[in-house]
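Working notes for the structure below.
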């Protein structure tokens, strides 16, 4: 019985909480990303998007190069 009361209290506290502190910024983001300013869409978010893009490309290219190196190393016979 006690577990039922606890679960009801948890459900009530999560379901009835107000979200007035969060404002809807979808319209602002739509204006930003739909603006015709000759920027690629992955860079329209600002400087942090640029850093994230460069980091992602660096890790991708580094991983590809390392994978090719390991495949090349494994394809040649080794001395015993």
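Every residue gets a Cβ built from N, Cα and C, even glycine.
Values in this document were obtained by computation on a predicted structure and should not be read as measured data.
Here is what Swiss-Prot records for this protein:
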- 22-46: topological domain 'Mitochondrial matrix' (TOPO_DOM)
- 76-80: topological domain 'Mitochondrial intermembrane' (TOPO_DOM)
- 1-21: transit peptide (TRANSIT)
- 47-75: transmembrane segment (TRANSMEM)
Confidence summary (mean pLDDT) of the topological domain 'Mitochondrial matrix' (22-46): 90
For the topological domain 'Mitochondrial intermembrane' (76-80), residues assigned helix / strand / coil by DSSP: 0 helix, 0 strand, 5 coil
DSSP residue counts for the topological domain 'Mitochondrial matrix' (22-46), split into helix, strand and coil: 12 helix, 0 strand, 13 coil
